[in-house]
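Written out below as structure tokens is the structure these notes cover.
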Amino acid sequence: MYSLERPVQGQSSCPKDRLGRKRRTVVSSLTEDEELTEILKSYCSNKVTTTKYSFLSFIPKNLFEQLHRFANIYFIFLAALNFVPVVNAFQPEISIIPILLVLAVTAVKDLWEDYRKHKSDKFINGLVCEIYSRKRQMYVDQRWQDVHVGDFVRLSCNEIIPADMLLLYSSDPHGVCYIETANLDGETNLKQRQVVRDLPRQVCENFHSRIECENPNNDLSRFRGFIKARVGLHNNNLLLRSCTIRNTETVIGIVVYAGHETKAMKNNNGPRYKRSKLERRLNVDVLWSVVLLVIMCLTAAIGHGLWLRNLKDNSFLIPDTTSPALSGFYLFWTMIIVLQVLIPISLYVSIEIVKLCQIFFIQNDVDFYNEYMDSRIQCRALNITEDLGQIQYVFSDKTGTLTENKMVFRRCTIAGVEYPHEENARRLEVYKEDEALGCSHTLKSRASAKSLSCKSLSCNRSSVSLHTLTGHSEGEESPSPTLPQHSAFSSPMEKDIVPDPFLVQKLNCLSSPLFLLRDASMELTYIVDFFMALAICNTVVVSSPNQPRHVRFGLPRFSTLSPPHTTESPRSFTRRLFSRGKAASFTPSPSPTPTKLGTEPDGEPNLEDKMLHLNPGAWSGLENSNGGEGPPSEPGADELIYEAESPDEAALVHAARAYRCTLQGRSLERLLVELPGMGSLAVRLLHILPFDSTRKRMSVVVRHPLTNQVVVYTKGADSVIMDLAESPKGAEQSDGRQGHIREQTQKHLDNYAREGLRTLCIAKKVLEEEEYEIWLKRHAFAETSIENREELLLESAQRLETNLTLLGATGIEDRLQEEVPETIEALQRAGVKVWVLTGDKQETAINIACACKLLRTTDQLLTANCDSKEACKALLLELRAEVERGEAAEGTSGFTLVVDGRTLDFALQEDLKGDFLELSRRCRAVVCCRSTPLQKSHVVQLVRDQLRVMTLAIGDGANDVSMIQVADVGIGISGQEGMQAVMSSDFAISRFKHLRKLLLVHGHWCYTRLANMILYFFYKNVMYVNLLFWYQFFCGFSGSVMTNSWVLIFFNLLFTSAPPLLYGILDKDVSADTLIKLPELYKSGQNSKAYLPSTFWLTMLDALYQSLVCFFIPYFAYAGSDADMLSFGSPINASALLIILLHQVIESRTLTWLHVLVLVGSALFYFSFTLVFSVVCVTCSPPTNPLGVDKLQMSQPLFYGVCALTTVLALLPRYTHQHKARGLIINVEDLDIKIPDFILPKELKECRAATGSVATIERKGYVLLGAKKEVKAGSFTHQFVL
């Protein structure tokens, strides 16, 4: 985990810590007020330290952390106990070797990880920025670590923000600054920030106002405070650390949060640590091992006491007055020391090493590499890899997870008239995106930076992902600033929209004189307003590809407009067209007079001219290639790039542009929009009411450029807008017209949802001046409020967004990702239940469920839509009864439950959740639509806790974070919606299809490898400890051992430690291809077949049997001989080593040259050590003398005969069992596959899966027969369908 260690200057993180303040006070660091200077000094400096340790604290702190493990405390206690003379078993110095070795290995690993963090911190703290110096009265270069709260920081374009700063100055004349937050949340689109409101454009060094703001927190979307005379501060005024300045030449800000108090650092939690299910099971078995150890030691203690009491001739004992009972008590502790290896001391370290290697193999699997994004899988949680092999429930988001999240405008309805866009639909059907990616190198270039940023989140685990920003300095050439650069949500598929010809024809009427004679101008008003809303109701930033991204792109310069071929001025015509109440009563003007751009017919300068006057240099950038002649919408408009915050927003702007309703530029107070037949219009932007999950809509308030009226344009979810849409006041026959529009629009929305399209409704509202002034006063109060600002702004927005005039709706297509149906089908075959939790409409969710094969044609669909709690309870009981009847009847394939958000609210209540859970548990799949982020997390938590199953949640957006964090395994998709889900996840992938291999292959391998390795560790420790225990029956339970203490300590620690590691890292019980073809094999992990309590105890019994054989065969072989204690122990140790190593060979499904090298090397290491030890050691193991013992034994044939016989007899039952277990062979399409015995029951029942091939199974020694035909052989032949 990341440490929040502070430098000396920043031991107290905020004034509240030291001065007891509830708010943060920030003033200029140039102040001469001593009290304020003390306040500034109490804040954290900008130096970041993500390391755990310092040079002096490493040893004590690392030891303290390692002592949190019970096993380490246990072995330290035993090492200390061995220093007590009355109970010591062998040399005290030897007893401390195992624990010292384990602690040292862990310490080296921790030190290496911490050193990597230290290097990253040093690099980041050494970055340079410009700080205003009081002494030199100018801006000077300073390192980031020397920045403090209250300092003035000046940044240029493309520079990284070193600390959280309040924006005081921008070179943009409108006080706007653009930032890119890719290093913070992964989003590459530009975001707009603005200078503090009402702040004069003065030299920032003269800024002496006092800033009061909230204390440091991790909320990236909120910032509250005030300055001077209660001027409100909000999130748009704050520049966050690690973001990059774009499109702005110079900005100056004052630091309000620095170092570990910045929002970026507050959100930096480093890698996630969870306890896996296997680890919890391991802890239980360790406790059983402790119980077994206590039983063995009690047996020895009691036996020793009885032996002393019954001993008649004790002349060979040293005279001692200790009673037998007290001697038995002492012996109990002696036996604890002797048998200490029963608790696997090296197991925990081995598990950590194996998991790190598993993560390495997962991260380097080329199948997880996304070439388009230049990204690979990220493993952010380091210790739950085995949980991937035990998942029982998968909870998935829809948009961006199952789908591409590439929103393509598909069709629309305006004023109750549906425009199907058939040509556009045909284009999407035959569209091949790989042929359309003409700038693949550019895409990869930009994606590379993004993927590096992602990688730094998981691997570097540094304070901020800044290696992305300097990646070009490490050997890569920086891209030319003149090359076109890819922006989010702007692939050719998303931009190249084919307009509907009927809608184009109606829009062309704006420049047709014949249209003025028709009685259909109200419909045209709706159409133009509809596309006006699509173009301006957003936060899209406009930029140009033929200019560097860092150059500020302003509003385009107007060229001379060709007068439209109308009988009057287009402005005069459209002004009256948009006049309220007179839309259907136009007459042609008798004297057509084309007007010159920049003036109205009355000679007064228009809004565009005023805008040019305000910013004469900002209109360049969209000149036509023909020198400015002709309509500006043709070549110049094609050069625009839209930087949108969401794919939906980009799709609507591109759709409007396809109809020549083009957003050409944006400033803080103005929008430039081009409409067909009207040219470019400057629209005064009054307010933006951003989207939030409560309102489910966004609005813009503008001054209409033609009517000069205040107009509210709103877009949002149809469930919300349809309720807010009412008849406008004062319009004749509006009730019937609006009622007809709502009715037709609702029909079209239902059709869109059935086709799987995402729907948005568009509406408007015209405000009277008095009405607007009243609302404006209340809204201004809400904006400047410090307390409850969010609630007041929400109320203000809701107060405005009423009595809307419904204009129409859009249908946006979000295509399924590739291989999603195959992935879901494979997961369901693997026994994993898949739930889809989405905020979309019910019809859309059902359509997507059918498309991705979550809902099969043979399934019975159950829908739950209720308006009350009582109705919900009755419906749940009714549906449950229906499911029970279906289960009792034959031929029912399954049920799929669809629940809407309102019903889900009722179902999650305490008295109904049991019924809901029982119903959903019986269904094959569940789809929750219109669900909120909180509902998603509650559903996951309910299933996880009540059913006690392993859950996995997967999503790609911020709304999925809560369920990702609640699930046992959280997976984020690094897609179109930033990195919030990735940063909260345990694993991050780029496509949903990767989930198939991640679970079915790597999950299965990780679980089986680790489970088998843990069982093997228990086996080898119990087997060897029992040898020492059996010897106690022949030495009066004295605690003596038949081997020297060095071999005893090193046997499990060194001689047999490497093979299990290789076993846990490389063993493959089934190949990857087989696991993909037979997802049913995954069920073994779900049921914990590899590590059941029965498996553990069977392993213990096998170890008990092998220890009996390994002890008593040498015992009877050397009975009656003159072999001493060490001579008797030598063949026992050698046989035990061979048995343990060959036992692993039998258990392993994979044997490579590396396995052979390690196994043979371990055996050679043991024999070399014992030989050298017996030759050179004279007083190494007092009171015994091992000199020459092993050398003599290894020179005698009896030694090898005993070892061979013992090894064969000990391993015979295990070999026989494994041979029978592997006798089950399945032939799938002529591919021989070996499958463990637990996959099929003993009766060989039919296994019906999905490939359709017929295979023949032969068990119990029968020969495998050919596939796809039945041949009689032996006693039986069994056929089944795969």
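Each Cβ is built from the backbone N, Cα and C atoms, and glycine gets one as well.
Owing to the predicted nature of the structure, the values given are computational and were not obtained by experimental measurement.
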Requested in this report: Quick one: sort out which of 81-105, 1006-1030, 1031-1055 is the transmembrane segment according to TrEMBL.
Outcome: 1031-1055
Requested in this report: Report the same-chain neighbours of D960 (Mg(2+) binding site): residues 6+ apart in sequence with Cβ closer than 8 Å to its Cβ, ordered by sequence.
Outcome: D397, T401, P933, K936, A953, I954, G972, A981
**Report entry** Intrachain neighbours beyond the transmembrane segment (328-351), with Cβ under 8 angstroms and 6 or more residues off its ends
**Finding:** 69, 71, 74-75, 78, 81-82, 84, 86-90, 95, 98-99, 102, 105-106, 279, 282, 286, 289-290, 292-293, 296-298, 300-302, 304-305, 308, 322, 1010, 1013-1014, 1017-1018, 1021-1022, 1024-1025, 1028-1029, 1032, 1037-1039, 1041, 1048, 1051-1053, 1057, 1060-1061, 1064
Report task. Using a 10 Å cut-off, grab the number of neighbouring Cβ atoms around the Cβ of D397 (active site, 4-aspartylphosphate intermediate), all chains included. Result -> 28
Query raised in the report: Going along the chain, which residues at least six beyond the ends of the transmembrane segment (1031-1055) come within the CB cut-off of under 8 Å?
Result: 89-91, 94-95, 97-98, 101, 300-301, 303-304, 307-308, 311, 331, 334-335, 338, 341, 344-346, 1020-1021, 1024, 1111, 1115, 1125-1126, 1128-1130, 1132-1133, 1136-1137, 1162, 1165-1166, 1169-1170, 1173, 1180-1181, 1184, 1186
Requested in this report: Could you state the whole-number distance in Å separating the C-alpha atoms of T399 (Mg(2+) binding site) and F691 (ATP binding site)?
Outcome: 17
**Report entry** F691 (ATP binding site) to D956 (Mg(2+) binding site) - Cα separation in whole Å
**Finding:** 19
Query - Among the ATP-binding set D397, K398, T399, E649, F691, K715, R758, T838, G839, D840, R930, K936, N959, D960, as the record gives it, the longest Cα-Cα distance in Å - result: 25
Requested in this report: Could you break down the residues of the domain 'P-type ATPase N-terminal' (40-96) into DSSP helix, strand and coil, giving a count for each?
Outcome: 27 helix, 0 strand, 30 coil
Report summary line: Around the Cβ of F691 (ATP binding site), other Cβ atoms within 10 Å, all chains included, total 20
Query raised in the report: Between the binding-site residues T399, N959, whose Cβ has more other Cβ atoms within 10 Å than any of the rest?
Result: T399
